[in-house]
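Below: one structure, written as structure tokens.
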């Protein structure tokens, strides 16, 4: 039987602490939903792809806990992670006279999680919410740690909040319906944790990549668990990204520029991150922080994961202006997350000439 | 000389603590702006009424502290406290490549303060901001305590955040240019603090109402200081309004319904609160919580402050549906802030028949 025991992991944030449950069959497991905040109303937020697959199952699981479980179904895609979609959640809440105890359940990938979390952060100045990530990317990264946001035409995740969920339910079984392209996108964030924090995990990913792509549950369980452990430790040390937390953005400075530059929804977030990591590794090597074999090693792994390793052709000035708007930038200076010896990330600036070289060398 | 010594008051919220400075000439006093977070960029957010009067003075005062001080001027009025106006702040920040250390300064009344605070809460998931309230209402109430929000067509302040400023600068001299109608609106929030918390203060207001309306600085200084003291104590005890803080909403359940029912901007917020307090006092009396002379006493004072004491004619069902969306409502039950013996407020439900009686008795 392709199943695994359920495990729990705590994100330690004082009064905002919460558990991540990782396992099989969790959507239908009453233990997943016990002990959450009591409220007469709940709202499941999902999208047009995920709702037909899993909303009914979640609705049934929640029925014992809320007198009324509403649903709102968003359009699917990063290009809808905007104010208009966010407002459709507020409209649903207000049309149903939902009060300030209403619990929101984010059933979907990173876009659904980010936008539902931000809606929960803002509705009546804050209602509880639960993350039910249905993509690998959301399970290993975006559902954990409380970063919520919507995009702005000028930059990704520019409007948002740090707002922690009550719980994260990572049901590995829902990954069975994940399109291969989405699985690959999730693997980008799994791979990320190796170079920034855990070289042994990078070795493990290289050894188990085929099992992960074949949706082997034991391999997925380890990948999700180890990714969440690393993320939990970083977030517990620096919840609001005053410094350390930025290392989780390895590959994201270049990646966000690709996403925004092409228009949201062209490349998946994980695709941007995969290619962005190759570029950041290349920059690290050109700065002498790592040996030249590291960008090659990472490129091979990213490619094996089914991800693009060459950036799209964007005008050079657009690259630079998009990256100057990155949230890590300060006083107009772009700051990159770079690898400074395998297993360790640093946040630093780089000479613009070198950045231009890397972009030219890595683009189509 | 119509001036007063500067006083300081601390809002005690752990790592989110901050000072309120109350006095004359504070806009031009370097001490007002010393020791705030350092940042290369700052953005003054004001409106078309206040900016021509005071933005230049603030711009000069901030010049030593930020390499670049930008301005954005919003349209004036509650009807603009919406997402479109909020987004114009994000557009200005992004067009100028403002980073996550950028300090926002809210120069204006309650609308400017609420919307700027919410922009600061959300821009790049949180940047510092300073409240520079220019109306009596903002000085005694809305700039203190970290409630930020925009309105939704279905309800007031429905989308927002609890997000504390770095400091509040209450310059009493700017009240000299306040239109009388706005001054009266502010007096509603001053009057509020008496019945809910401090009967001696209610006596004082009755004795000094003429001095307040004549902009006597000593009287204003005492009114602002005492109002902020009461608010500070309540907010320190219950920052996120799990219970106690709701007493600051005395008059607001009826008042918000008037504001939303007529369309934002028809009645000023303080006008709604003034009339709403008379209605809540009437409901308190009909429930036997206070003697019948209390609503009469409050009506007299509210009227002397230049505020409306009769509610506009709205359909009864609209009253009730608007109040069911009040943020204090739970599971469809409206909860009112009522006076339970002078100087003490309680939050409770009331029989709908009684609520209908009060609305009928108090409306035009």
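Glycine is no exception: its Cβ is also placed from the backbone N, Cα and C atoms.
Taken straight from TrEMBL:
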DOMAIN    A:72-184  domain '3-dehydroquinate synthase N-terminal'
BINDING   A:76-81, A:110-114, A:134-135, A:147, A:156  NAD(+) binding site
DOMAIN    A:186-329  domain '3-dehydroquinate synthase C-terminal'
BINDING   A:189, A:252, A:269  Zn(2+) binding site
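Non-local contacts of residue A:189 (Zn(2+) binding site) by the CB criterion (under 8 A, 6+ apart in sequence, same chain) comprise A:136, A:137, A:140, A:141, A:142, A:227, A:270, A:273.
When the binding-site residues A:76, A:78, A:80, A:110, A:114 are screened for a C-alpha within 10 angstroms of the C-alpha of residue A:269 (Zn(2+) binding site), the residues that qualify, in sequence order, are A:78, A:110.
Mean pLDDT across the domain '3-dehydroquinate synthase C-terminal' (A:186-329) comes to 96 in this model. Cβ neighbours within 10 Å of residue A:252 (Zn(2+) binding site), excluding its own Cβ and spanning all shown chains: 26. Counted within 10 Å of its Cβ, the other Cβ atoms near residue A:80 (NAD(+) binding site) come to 21, all protein chains included. With DSSP states grouped into helix (H, G, I), strand (E, B) and coil, the domain '3-dehydroquinate synthase N-terminal' (A:72-184) comes out at 47 helix, 34 strand, 32 coil. The Cβ of residue A:269 (Zn(2+) binding site) has 30 other Cβ atoms within 10 Å, all protein chains considered. Note: the CA-CA distance between residue A:80 (NAD(+) binding site) and residue A:252 (Zn(2+) binding site) rounds to 20 Å. Between the CA atoms of residue A:156 (NAD(+) binding site) and residue A:252 (Zn(2+) binding site) there is a gap of 10 Å. Residue counts for the domain '3-dehydroquinate synthase C-terminal' (A:186-329) by DSSP state, with H, G and I taken as helix and E and B as strand, are 104 helix, 1 strand, 39 coil. Residue environment of residue A:156 (NAD(+) binding site) contains 23 other Cβ atoms, counted within 10 Å of its Cβ in all protein chains.
Every protein chain considered, the tally of other Cβ atoms within 10 Å of the Cβ of residue A:78 (NAD(+) binding site) stands at 22. Around the Cβ of residue A:135 (NAD(+) binding site), 28 further Cβ atoms fall within 10 Å across all displayed protein chains. Apart from A:189, A:252, A:269, the residues listed for Zn(2+), the same chain places the Cβ atoms of A:137, A:141, A:142, A:188, A:192, A:251, A:255, A:270, A:272, A:273, A:276 within 8 Å of the centroid of those Cβ atoms. For the binding-site residues A:76, A:112, the ranking by surrounding Cβ atoms (within 10 Å, all protein chains) places A:112 first.
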